[in-house]
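S.K.: As annotated by TrEMBL, substrate binding site applies to E185. Marked as domain 'GCVT N-terminal' by TrEMBL: 1-246. Sequence annotations record features per position, and here TrEMBL assigns domain 'Aminomethyltransferase C-terminal' to 292-342.
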Amino acid sequence: MVPFAGWSLPLHYGQGHLQSHLHTRRHCSLFDVSHMLQTLVYGRDRIRFMESLVVGDIAELKPGQGTLTLLTNEKGGITDDLIVTNTSEDHLYVVSNAACADKDLAILRDRAAQLQAKGRDVHLEVSDNALLALQGSPSMARVLQAGLSDDLAKLSFMNSISTTVFGVPGCRVTRCGYTGEDGVEISVPAAQAVELAEQLLGVPDVWLAGLAARDSLRLEAGLCLYGNDIDETVTPAEAGLMWTLGKRRRVAMDFPGAAVIMAQVKEKPRRRRVGLTSGLALFTSPYPHIPGTVTSGCPSPCLGKNIAMGYVEAAHSRAGTELTVEVRKKQHPAVITKMPFVPTQYYMAK
C-alpha cells in the first residue's frame, strides 16, 4: 500500500506487477479507482457552465455520450484532464483526478457561484459513490454481460448507461478506462461496492490490479498521467492533446487560455510531447516539461523493451528521430516512437 493524493492505495496485489499487467491485456482486471472525484452538474445552464471551464464541445454530446476534455487556465495550461458525460438523465457526470480534486472542486464551485449570481441555473453535487474499473479486451464484456440486463454490445467507447449490475441498482456503467483495453468504469453506491467487487472477482478471469499495473498499462497506451506528463505549465498544443478541442470551441475561442492555445496552433509550439524507446530504462526528470526531459518511463511488459514519454524541441519531434539520453551521467541512445506503443482495443459498437 502506498500514499496517493491523501488516500492509501494498493501498488500491487499478490500476483505482482508484471503478472497483473499481462493478465489485464490477456484476460481482465479489476481496479478500485474510488479515489477519483465524481461530480454531478444540474440545472438548465449546466452546459454553458461546463463550457466556460473546459475546451470540449459539451453541447454536441448526445444523451449518454462522454468525452475526455481539459480544464485550462488563462495561460493556456492544463489544470486537469477529466471525462464529462451528458447523461440521459438531467445532469452532467464529471470524473476528475484525485490529485486535483481540491483545486478542481474549488474551480467548479467558484464558477457555479459566479453564474448563480447572474441568475443562471446551475448547481453541483459531489457523489460519494465508489468507482470500479473492469479492464481487459478479451474477457471484460463477457464477465460484465453476465450481470447486466442491458446489451453491452450496444454500448460504444465513451458512452454510459444507468443500470443494475449483478443485482446492485443505481450503477452508472461507462465504457472507458485508462489501460488502452476495452473496459468499463462502474460508479456504484459505496455501501454495495464490496458486494459488487466480490461478484466480479468470483469469475476466475478477473484479478485485482493496483497502481503499478495501471501506470504501465496507460504508458503503453500513450496516455498522460496528470502531474507527470501534463500540468498547469503545459498547453494542449504542446502535449499533443489538441484533438480534445471541439471545432466550434476553436472558432468561438470562449474557453480559458484560448488566445494562447490557438496562437500556438498557428505558430507551432516550441516543444512537443513524444514517445521514446531505449535500451535502458528511462525515468522521470525532476524538471519534467523542459524540452529534452522524460516525464514517464518504464520497461514495457508487453513489448519487452523500455518505453517513455517526454518533451523535446518541436524541430526534433518526428518519429524515428534518434536522440541521446543521459542516465546516471552516461549517454544512451533513444528513438522517438509513435504512440500508442501497444495498439488500443477500444470498442466501437456496429
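Every residue gets a Cβ built from N, Cα and C, even glycine.
Bear in mind that TrEMBL entries carry predicted annotations, made automatically and left uncurated.
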S.K.: Helix, strand, coil residue numbers for the domain 'Aminomethyltransferase C-terminal' (292-342) per DSSP?
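M.R.: DSSP composition of the domain 'Aminomethyltransferase C-terminal' (292-342): 3 helix, 29 strand, 19 coil.
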S.K.: What is the total of other Cβ atoms whose distance to the Cβ of E185 (substrate binding site) is within 10 Å?
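M.R.: Excluding its own Cβ, the number within 10 Å is 24.
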